[in-house]
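Visitor: Okay, handing you the structure first.
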Amino acid sequence: MKTKILMGLLAVVIAGLIAVPWIASYFYIFILTEILILGLFAASFNLIFGYTGMLSFGHAAFFGIGSYATALVLIHLEWPFLACLLVSMGASALLALVIGFLSVRLNEVYFAMLTLAFGMMVFAIAYQWRSVTNGSDGLAGFTLGSFGLGLDLTLGNPAVYYHVVLAIVAIAAVVLYLICRSSFGMILKAIRQNPERVSFAGLNVRTYRLVAFVIAGTFAGLAGGLIAPFLRVASPELLHWSMSAEPVLMAILGGTGYFLGPFVGSAVFVLLETWITSYTESWMLVLGIILAMMVIFFRKGLLGTALDWWTEVKK
């Protein structure tokens, strides 16, 4: 029943999202574009946290590297945007392979601290390597050319870029969903619940964790590749360890036990941030209090609590 409800709601939401540019102003188009990109970022994190049980505090490293990769390719090579995204995914996957290989052998708090340390290292390198990253100023001034695949799209138009982001995020979400529903995804859930039992069954837990880590890093890189043209800059802030807290909050807020939870969390997070910043300069304090209250009172996340409530109503 919950699956049918989710699929019905998802169909309505997708139809509404497609129609947004024709019924809403550019302000709402920008907001929804950010929600989609950060939703993919949070969903990639949820693969290793919600499904595999690994809490990473360095996930922004892959997000930021993806943004820098897109910016560098656009500036120096002027490749089609689709090719830039593939480079972003490849660069982030390679970084995730290196960090994951050194990290997945550790458990719980040690894994979290090591990923945080690697995230800080990547940020420091990007901040100081001015000849490549332009230091604290970041990379700006790049323009989007063609999309690729022979499609003539005006990517500089916010409405067109929104539809491109919507299509790419939808495809990425379907791929992530299929991964989570596959036998590989079932093994990841088993590892989260009881890694010792999985190991006794003859499966290499570290290998599965590493593969999940690389997949998550790859999709985080894709999200980073999408955010750079949206913000018109690739800056060290996208690599900062505080940025790694955002997918954690979004996933928990929406519900880590549900595939669509991170997207719900992203929507609530961005909308609250936008609304609060229009009223007070102390928006971080207010936002933190609101998010803390939500996490305390909605133990299953907003999506999980809403579905439980709907089930009770149906009875």
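Easy rule for this one: first residue shown is 1, then count along the chain.
Yeah, the Cβs are placed from backbone N, Cα and C, and that goes for glycine too.
The transmembrane segment annotation in TrEMBL covers 5-23, 29-49, 56-74, 80-102, 109-129, 160-180, 207-228, 248-272, 284-302.
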Visitor: Between the transmembrane segment (207-228) and the transmembrane segment (160-180), are there at least three Cβ pairs closer than 8 Å, leaving out pairs fewer than 6 positions apart?
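Guide: Yes, the transmembrane segment (207-228) and the transmembrane segment (160-180) are in contact.
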Visitor: Same-chain Cβ contacts of the transmembrane segment (160-180) under 8 Å, 6 or more residues past its ends?
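Guide: Those are 14, 17-18, 20-21, 29, 32-33, 36-37, 39-40, 43-44, 47, 51, 81, 85, 144, 147, 153-154, 188, 215, 219, 222, 226, 229-230, 259, 263, in sequence order.
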Visitor: Could you name the stretch, out of 5-23, 56-74, 109-129, 248-272, with the greatest number of CB pairs under 8 A to the transmembrane segment (80-102)?
Guide: 56-74
Visitor: Cβ pairs under 8 Å only, please: of the recorded stretches 5-23, 109-129, 248-272, which one is richest in them relative to the transmembrane segment (56-74)?
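Guide: It is 109-129, which has the most Cβ pairs under 8 Å.
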